[in-house]
């Protein structure tokens, strides 16, 4: 029975890639800088002391990071008994965003340039805004700028509730984000507005990767909170991913947990499981792993590392989340049967010690575990697509156009 379990620790980079300078990210190192901050006693909120990741260390995380940067992450166990195959991968895709990273993991790198709204103020074209106001019958809009999602809620959340004007904002990523209050504006209405925005962006040739619905609750600044009802409207990958090939060629199952289905625009996904928060994502993953049959991929995105800690530049929160993940990891590993493969990886970096609030261009860890996986170094992988090619070969699918089989 062949099953693969892919766990994406969203934004968990392990050192700047060779082309990081182009992105303003030379020297970024999500894992390394978190570990250093912990060792200096600068991440003692909700946790304390050096970064402790014994289970990830046994899978080779520390060694992969050392291969990536030349430095072993401080606090991790150098003498851990390695039980998995480990390496680090560079990104071939042109961007450092979520869809690019995930599509490349599935064997389809993004070799074109996304469209971006690069103006920090008055970010969106007036023609686009006018169409959204007219088609969605809006009283106007707020924002129209670059912002962090939590910051803009405190700035504009109250005005939004009073006026009914949605909050439009973007970032360095190829995104159009819309924040609305779940109760005063309504969740279904927000989703409808996002559908309209997706249509207008596509029809207008803007080449924007995602429209993201950002529902929130609360009644005043400091109390506004984003809910788990986020919804991403992505464009479809430009070629068949290994997910789609598994479904098409083997009649296989691909179970999406968290935001995976949205990232792939639902293509190549046979089942969606919604879960919010690290523990809930873990619980859902465990349930689906227990049920998974032959020719199945269970694919989970642990978004909190990125959304709650990376973008918010919360070092202690990121460290605590990693330690929680590590504590629960044996529960997943215990469900890996004789022919199964468990892959732990990331989609980009988001160094919480780095200036700004955006992603960082980094290598990702590639940790592979299973009874038939030979422990040891996989070295430097030249593209995330090596993961997709490896999974395609494992299931006996037609080869992907990019990537090499690692096993």
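Note that Cβ sites are derived from N, Cα and C of the backbone, with glycine treated the same way.
What Swiss-Prot lists as Mn(2+) 1 binding site is 10, 347, 348. Residue 348 (Mn(2+) 1 binding site): 31 other CB atoms within 10 A of its CB, across all protein chains.
Under 8 Å, Cβ to Cβ, and six or more positions away along its own chain, residue 311 (Mn(2+) 2 binding site) finds 148, 149, 350, 357, 358. Under the DSSP three-state reduction, residue 311 (Mn(2+) 2 binding site) is assigned to coil, being neither helix nor strand. Annotation comment: Swiss-Prot describes 306, 311, 359 as Mn(2+) 2 binding site.
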Closest of 10, 347, 348 to residue 359 (Mn(2+) 2 binding site), Cα positions, binding-site residues only: 348
CB contacts for residue 347 (Mn(2+) 1 binding site) [other CB atoms within 10 A, all chains]: 29
Rounded Cα separation (Å) that holds between residue 348 (Mn(2+) 1 binding site) and residue 306 (Mn(2+) 2 binding site): 9
Sequence-distant neighbours of residue 306 (Mn(2+) 2 binding site) in its chain (C-beta under 8 A, six or more apart): 10, 11, 98, 350, 359
